[in-house]
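Per TrEMBL, Mn(2+) binding site is recorded for A:His77, A:His129, A:Asp213, A:His217. Look at TrEMBL and you will find A:53-136 tagged as domain 'Manganese/iron superoxide dismutase N-terminal'. Feature annotation from TrEMBL assigns domain 'Manganese/iron superoxide dismutase C-terminal' to A:145-245.
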Amino acid sequence: MVLQLVMAPNWCGCGVASANSTKISTNAFKMSSNRFNFSKPYPGRAYRVTAYYSLTTPPYELDALEPYMSKRTVEIHWGKHHNEHVERLNKHLKTSAFYGHTLEEMVKATYNNGSPLVEFNDSSSVWSHDFFWESMQPNGGSMPKGGVLDQIEKDFGTFTNFKDEFTFAALSIFGPGWVWLYLKKNERKLAVAPTQNAISPLVWGDIPIIGLDMWEHAYYLDYKDDRSAYVNNFLDHLVSWHSVMVRMMRAEAFVNLGEPKIPVA
Amino acid sequence: MALLRSIAISSNKTITLARSARSLTTATLPPLPYSYDALEPVISGEIMMLHHQKHHQTYVTNYNSALELLHTAMDKGDVSAVVGLQSAVKFNGGGHINHSIFWKNLRPVNAGGGEPPHKKLGWQIDTDFGSFNALISKMNAEGAALQGSGWVWLAFDKELKRLKVETTANQDPLVTKGATLVPLLGIDVWEHAYYLQYKNVKLEYLKNIWKIINWEYAGEVYEKEAQ
């Protein structure tokens, strides 16, 4: 009998019961009341605990991002596309050498310096989509404050420059991809970069701060081919500066950004 | 647009190169051989209109812009700029090539769309794939398995004289998979080709598109190349 513990990784690394997790009662762990028969290496039945990934739920209701991202889009994007990646990842993990890795480790390892292994696409997509839902919030957008704004102004000149660069990068992608605000560890500054397909700054060792999905399925139902309206609405109404602040705080544990200003005390 | 340039390079000897008139032939959006709603219910009129008037038109427009920039860079001898423009030329030019073939690959049902290939192409399919249905299954499987955006092709290898199923990524034209490959049939598996109607169920789109495939055109191309 295989007990299946369902882990729900989220950005904080703490487990969160997801919509799909099943509660396992402690009775399930009770072994038979017979004494162990020590002549056999295992008791009557062998128990093997395995853990797989589950579909993390966005931290808001599925219609909470309307009218900038419709409920229909979120339902399909999350419930079908993201979910399919989770299921395919778990299928790979049944036989993969990377079983047991954290998602971040797996993304970096399976990218294999540019010759991606079979698990890369799904593991990176799962990570990126988890990151994406948490990069947004209802009543998001407008302007960041305090330390985050200071860092953006330091690295981009003005907030408007950052928005322009982000938009330009998003629209420059040939084919499916993502656009990122990320922290360059070595240069200790924020930067914007577009990536192709399922690639994220994790593969080159930097710290993602905002991720925007530029695959057609992310915007086509709501915006058809009008990608700039999608990106503008994301920046003006959806991006979660709160998430950005939390991510920058965490990043400061790894990168010395000078005077700790995030958040402003 | 004819441009005359002469370049004089001064050194110990004076070399004058007279650049002959190079005309810049821009691309234009080909008209659809049928109305936007003629492929319903397999592909909705809304998708056809967006696909043709927005997506394909954008490839044409951006290809022409890239071409102008390339022209200027070549004249100036700016090698970096020439190399830098290659991805834009490949992407947008490829998009134009691929979609131009795609419109011809489709045909309304009442004009013969979906009718299986006969004669020589039919026999070649049976020889190379076993059966017509085997070809369909293979193309559907390859199309469904394609991660990201791209195309699935029925190609004729001029050199080996046999048919092949190929996929290309993004807007790479078939020739990027082999210089001897001739496209007979291309199916667009970018999400914009089916999403409004089929959402994430790409396989449903692939299964249905065979009802509107123009095998007559594919047969014509094949017979011309198989001489």
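Here the Cβ of each residue, glycine as well, is placed from N, Cα and C on the backbone.
Structure coloured by features recorded in TrEMBL.
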| residue | record | DSSP class |
| --- | --- | --- |
| A:His77 | Mn(2+) binding site | helix |
| A:His129 | Mn(2+) binding site | helix |
| A:Asp213 | Mn(2+) binding site | strand |
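Each of the binding-site residues A:His77, A:His129, A:His217 was scored by other CB atoms within 10 A of its CB, and the lowest score goes to A:His217. In sequence order, the binding-site residues near chain B (CB to CB under 8 A) are A:His217, out of A:His129, A:Asp213, A:His217.
Other residues of the chain with a Cβ within 8 Å of the Cβ centroid of A:His77, A:His129, A:Asp213, A:His217, the Mn(2+) site, are A:Trp78, A:His81, A:His82, A:Phe132, A:Trp215, A:Ala218.
Helix, strand and coil counts from DSSP across the domain 'Manganese/iron superoxide dismutase C-terminal' (A:145-245) read 53 helix, 24 strand, 24 coil. Around A:Asp213 (Mn(2+) binding site), the C-beta neighbours below 8 angstroms that are at least 6 residues distant in the chain are A:His77, A:Ser128, A:His129, A:Phe132, A:Trp178.
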